[in-house]
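All remarks here apply to the structure that follows.
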């Protein structure tokens, strides 16, 4: 049996473009994609922290070090420039793989540069 686990995420990136008439997708700064381990054309989940909307699309590579996070096509109705988003991917793992798995977590600054990276989320305390 396979378990679906968080593979990677970019946490609190800022939407820089919302392009309704661009071919659907989400363009992500190539440096952020590489650090997170997101592949071009990979399915991504986008969770809009600002308005609570969630949607699924695919990633395309944006210019390296540009800071671009562009929500394109119909998904542009789900995000506005300046919104905070979390971009995540998931993977299916065998039990042995799941036991050893650590997600790749990239935390963004407000200009979409990298604040820090991690491979675990701290325990939430009451």
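Even glycines carry a Cβ here, placed using N, Cα and C.
Substrate binds 73, 74, 75 as Swiss-Prot records it, and from the list 56, 57 the residue named for this site is 57. In this structure, the CA atom of residue 75 (substrate binding site) is 8 Å away from the CA atom of residue 25 (pyruvic acid (Ser)).
Residue 73 (substrate binding site) sits 7 Å from residue 25 (pyruvic acid (Ser)), counting Cα to Cα. A Cβ within 8 Å of the Cβ centre of 57, 73, 74, 75, the residues given for substrate, is found for these other residues of the same chain: 24, 25, 26, 55, 71, 72, 76, 77, 78.
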